[in-house]
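*Asks:* Before we start, here is the structure in question, set down as structure tokens.
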Amino acid sequence: MIQVKASTGLVALLGHPVQHSLSPLMHNAAFAAGGQNLVYLAFDVKPGDLAAALAGLKALGFRGANVTVPHKEAIIPYLDAVDPVAARIGAVNTIVNEDRCLKGYNTDGSGFLRSLEEAGFDPAGKRAVILGAGGAARAVAFALATAGCGSLVLANRTPERATELAGALAGAGLPAPVVYRLGDAGMRSEVEAADLVLNTTSLGMWPRVEETPLPPDWFRPGQWVYDLVYNPLETKFLAGARRRGCRVISGLDMLLYQGAAAFTLWTGREAPVAVMDRVLREAMGASSGGPAAGR
């Protein structure tokens, strides 16, 4: 258990809303296990209050912060510095306060790739379909492209946003994805041909658990299907894929590994991943036998 003292450092979660987040549970367990004199707190920050919240982090000497929806892209102009990877992605999910200089990083992409590695999927040369075009989609699209993914397809409810992301990838010298409107019939052949189908939208997240971004009959046996939503642990999207014989990965895995990378940025230490994984799965009512891929 963390003993809060006058010297205890603070780490924040900035988002709107944040009441559902498991990050405080995960990081406080990690700080305790690693002997770090830090405590992690969630703050519901409305978009109009973002600049003031960052000024508060700096004034109060916070060690750093995580950034979640809807601030991952909007926060960049308010930071003092941005890591080149995060700048290229155009989204920040982690902040480190370095001598009153707030520097933004993106651990979503590296956390996503590590979750694929732990599950046994190598994206090099593979075909991937990404559903969504927000901050998380940007991170995983850049991660897949830089990892040598053979082809990318983007699908979003507003295709203009997906087209902008495709342009950003092309502008960075990476292969430009094909773009669809989410749910268009023409997508079906792309989904069926894909090695990896990834949902980065909020469709299916509690309490709207009956929603799914794709009909399950678009999947084929042997595909990898990944949902960044982790509440519920098995979404309707993943349940449909599992019934079709797909190998599935829960969003809890990306939460775990992006969190582990953020822990290292704040502390300079290797994260206690086993502790973080156990706490997350206990919170979700799942077994703690490791990442949820294939289960």
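Just so you know, glycine gets a Cβ as well, placed from its N, Cα and C.
Bear in mind that the values here come from a model prediction, so they are computed numbers and not experimental data.
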*Asks:* Looking at NADP(+) binding as recorded in Swiss-Prot, which candidate out of L113, L228, L233 goes with G132, A133, G134, G135, A136, N156, R157, T158, P159, E160, R161, G251?
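*Replies:* Checking L113, L228, L233 against Swiss-Prot: the NADP(+) site match is L228.
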*Asks:* Among D49, D108, D217, which residue shares the shikimate site with S21, L22, S23, T68, N93, Y230 according to Swiss-Prot?
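*Replies:* It is D108, as the record lists it for that site.
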*Asks:* Work through the recorded positions one by one (K72, G132, A136, R157, G251) and name whichever has its CA nearest to the CA of D108 (shikimate binding site).
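*Replies:* The smallest Cα gap between D108 (shikimate binding site) and any of the recorded positions is with A136.
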*Asks:* Can you tell me which recorded positions out of S23, T68, K72, N93, Y230 are within 10 A of G134 (NADP(+) binding site) by Cα, answering none if there aren't any?
*Replies:* K72
*Asks:* Let me spell it out: for each of the binding-site residues (S23, N93), count the other Cβ atoms within 10 Å of that residue's Cβ, using every protein chain shown. Which one has the most?
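*Replies:* Per the Cβ count within 10 Å, the most buried is N93.
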*Asks:* For A136 (NADP(+) binding site), what is the tally of other C-beta atoms lying within 10 angstroms of its C-beta?
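*Replies:* Within a 10 Å radius of the Cβ of A136 (NADP(+) binding site) lie 27 other Cβ atoms.
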